[in-house]
Amino acid sequence: MQPTAEQFTEQAWAAIVAAQQLAQASRHQQLETEHLLLALLRQNGLAGRILSKTGVDVTTFEASVEGHLQRLPSLGSAPDSVFLGRSLNKALDRAEQRRDGFGDSFIAIEHLLLALAEDDRCGRQLLSQAGVTTNTLKEAITAVRGNQTVTDQNPEATYESLAKYGRDLTAAARDGQLDPVIGRDEEIRRTIQILSRRTKNNPVLIGEPGVGKTAIVEGLAQRIVNGDVPQALQNRQLITLDMGALIAGAKYRGEFEERLKAVLKEVTTSDGQIVLFIDEIHTVVGAGASGGAMDASNLLKPMLARGELRCIGATTLDEHRQHIEKDPALERRFQQVLVDQPTVPDTISILRGLKERYEVHHGVRIADSALVAAAMLSSRYITDRFLPDKAIDLVDESAARLKMEITSKPEQIDEIDRKILQLEMEKLSLGRESDSASQERLQRIERELAELGEQQSSLNAQWQSEKGAIDQLSALKEEIERVQLQVEQAKRNYDLNKAAELEYGTLATLQRQLQEQEDLLEDEDGTDKTLLREEVTEDDIAEVIAKWTGIPVARLVQSEMEKLLQLEDDLHQRVIGQNQAVTAVADAIQRSRAGLSDPNRPIASFLFLGPTGVGKTELSKALANRLFDSDDAMVRIDMSEYMEKHTVSRLIGAPPGYVGYEAGGQLTEAVRRRPYAVILFDEVEKAHPDVFNVMLQILDDGRVTDGQGRTVDFTNTVLILTSNIGSQSILELAGDPEQHTAMEQRVNEALKAKFRPEFLNRLDDQIIFRSLEKEELRRIVSLQVERLRSRLEQRKLDLQLSDIAADWLATIGFDPVYGARPLKRAIQRELETPIAKAILAGQLSEGQTVQVDAGDDKLSIS
């Protein structure tokens, strides 16, 4: 026959074209069967898969075909054209007969292979040498293509579809590749129950991301392998479908549907032996439905309803609502299994089950206290994710962090290395000098280098020894895991002799060695001389949480304890004259960091009342500075911007359908990004009353739902509200101690008139800031002058202010109504401006001291 592209499938024709190019490259005049056989093998496609099924080593077989080809006579140069040889012509005729025998429309790869197996020139000889007969080849072809017929020019895409587009979870469970599944018995039992139904035997697992939906299916695969399932599921295959691979590369209309049909056909023809698992099943809805093509879910519906296809789906609550509930016909074919977040004790059990896997992977030990801390701390502090996923991630990252420390050079050795490098450079420099001082220094350096060299070598030896011991421990754990897998496989195959030999011989020996190695390491860890740690502790977990969220949950070290105990004194140094306010704020922070504050409420919520300029906002800034080392580290909401009713949406985000829905709220977004913060609501009385309705949940439950439906956690925030309400009463009665109760009563009446009782009742404390006395203003002068001095230091100038000048500034800046702000203006006017003019006029140069004194009702600067 004269071959044309229309007679062949795409891959078969590509092989013939490749064979022609191979003949030209080999300088052969005729195109023969060995060229075609080698071209088929080099395709790395169906021919190789079929031959592998017969037990042939394809690489070795390809080498033998190449050797046969090299023995053919060749021309001196590549021919312009290649002629079809008699053997190949006959082989193509036989391939045509095979096509008709299979009832196919096109000559495919398998027809060519069968034709070449009957080739007297070389094919029969080469294949029989490899142990392949026509019958074994036919069996392999049937195994690969099943009972499908070739009706288009790309049939290879539909062969072994499940192997190409799926992953066998039962095979993975058999090989020990899946993590153990702890708990979830109720959900697995319900899934098995639904799968055992006659029709609509399709469970869909619905739950939040990270609660363990895929793990339930993996648990089912492990139960199938262990035979721990009812008769209806015994020896079944559980295959997970990769929707991405199914869609990828489907260029033409109908190609995706063809692939999916091939997968579904394989599943249905297996007579219930295959259970399909589609993770993220909502991707099936609308998949492939572009330009008039059919939606993938419509291909599934008839099979799902009749019970021909047993399918497990998994999706989140939101995706199920958005995609699957919109298609009631698809929804009714699936039975819902709701998967809730496990409790903290359940999560601890799950972590204990996974512990060994993570220890083997990272080569470190994980303390049980670290697992408990991971479950409890992640539950409390990581509120936007779900257990057990977030707890597992914490353990994983903590172990990875410790492993990185083990493999990196210890700090002690690194410091010595740097010191040696520094001294070597100094030695090199001094070697060129001839004076006695340099020579003396050189001798000292050489002595120091000798000492450091000894330290370096002993520490390096110790490091390598400790590292080797840890690596040995890790290798033993890996070996134990491998032997345990062999024991399980032997028990499944009823090879009890081998199982007993492994379990009571090899495994027992390995476990004894492991115990000895662990005891040795524990003895070394007991001393303070070790360079490496090899156990993940709860402190490691706390440090990782602090990195993730910015919330300081690590165990308090001595320096931080002292810092917290001194917090009140530090705040007093910056906020003058407001003892009650400073004490209340410091107490709240100390309660929180000691772990005694209510986990379901903010750390503290205060309403600061008082006249303007007495330190309400300054105290908030001082607190932010002490906690986060920056005045700007607080979230400041100016309530004067929320005077209209509609501005509530700016705080928590616009509702769906409104402009700015995607942007989120100013308050909620700030807290989501920085959960540990000081939040200042400045001038609250200026805001619209409806704004306070939003704050009720924040103050009481430490949470609020933003415009996008996300719950934002405020339990690690300090809420400070400032207001000028009642400031007139404070000014009138503050000076007289006897009138203090009357003043508080009048302020409370003013508060009740402005704010609702449910709002006031939720605040931890309402603190009245007194108006400032003249003595306190004198201390504020010292603070302000100190700040000016630090600014002058940048210009290499010093500032000396006499006591008389300080008293004079306090006198002219004293105004009970306006607090400390007039003082600030007085310092700017009387002190900063003259100094600035003197600098600009060139009267002050670097290194000078600015002397400030007072006389004749003004300051004198020299």
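Cβ coordinates come from backbone N, Cα and C, glycine included.
On the 0 to 100 pLDDT scale, the model's mean across the domain 'Clp R' (5-147) is 78. Under the heading domain 'Clp R', Swiss-Prot lists 5-147, citing sequence analysis as support.
Per Swiss-Prot, region 'Repeat 1' is recorded for 8-72.
For the region 'Repeat 2' (84-147), the number of residues in each DSSP class (helix H, G, I; strand E, B; coil) is 45 helix, 2 strand, 17 coil. Taken from Swiss-Prot, the feature region 'Repeat 2' covers 84-147.
Residues or ranges marked as region 'NBD1' in Swiss-Prot: 160-341.
Positions annotated as ATP 1 binding site by Swiss-Prot, on the basis of similarity to another entry: Gly207, Glu208, Pro209, Gly210, Val211, Gly212, Lys213, Thr214. Listed in sequence order, Val339, Asp340, Gln341, Pro342, Phe386, Leu387, Pro388, Asp389 are the same-chain residues at least 6 apart in sequence whose CB falls under 8 Å from the CB of Val211 (ATP 1 binding site). DSSP assigns Val211 (ATP 1 binding site) to coil in the three-state reduction, placing it in neither a helix nor a strand.
According to Swiss-Prot, the feature region 'Linker' maps to 342-550, an assignment based on similarity to another entry.
Residues or ranges marked as coiled coil by Swiss-Prot on the basis of similarity to another entry: 392-526.
Per Swiss-Prot, the feature region 'NBD2' maps to 560-771; the stated evidence is similarity to another entry.
Swiss-Prot lists 772-862 with the feature region 'C-terminal'.
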Residue counts for the region 'Repeat 1' (8-72) under DSSP, helix then strand then coil, are 47 helix, 3 strand, 15 coil
At a 10 Å cut-off from the C-beta of Gly212 (ATP 1 binding site), count the other C-beta atoms across all protein chains. 27
Using all protein chains shown, find which of the binding-site residues Gly207, Pro209, Gly210 scores highest when you count other CB atoms within 10 A of its CB. Gly207
Near ATP 1: residues not in Gly207, Glu208, Pro209, Gly210, Val211, Gly212, Lys213, Thr214 with Cβ within 8 Å of the site Cβ centroid are Ala215, Thr316, Val339, Phe386, Asp389
May I ask which residues of the same chain, at least 6 positions away in sequence, place their Cβ under 8 angstroms from the Cβ of Lys213 (ATP 1 binding site)? Leu205, Ile206, Gly207, Asp279, Ala314, Thr315, Val339
Please list, for the region 'C-terminal' (772-862), how many residues fall into helix, strand and coil according to DSSP. 50 helix, 15 strand, 26 coil
Counting only residues 6+ apart in the same chain, whose Cβ is under 8 Å from the Cβ of Glu208 (ATP 1 binding site)? Thr316, Leu317, Gln341, Phe386
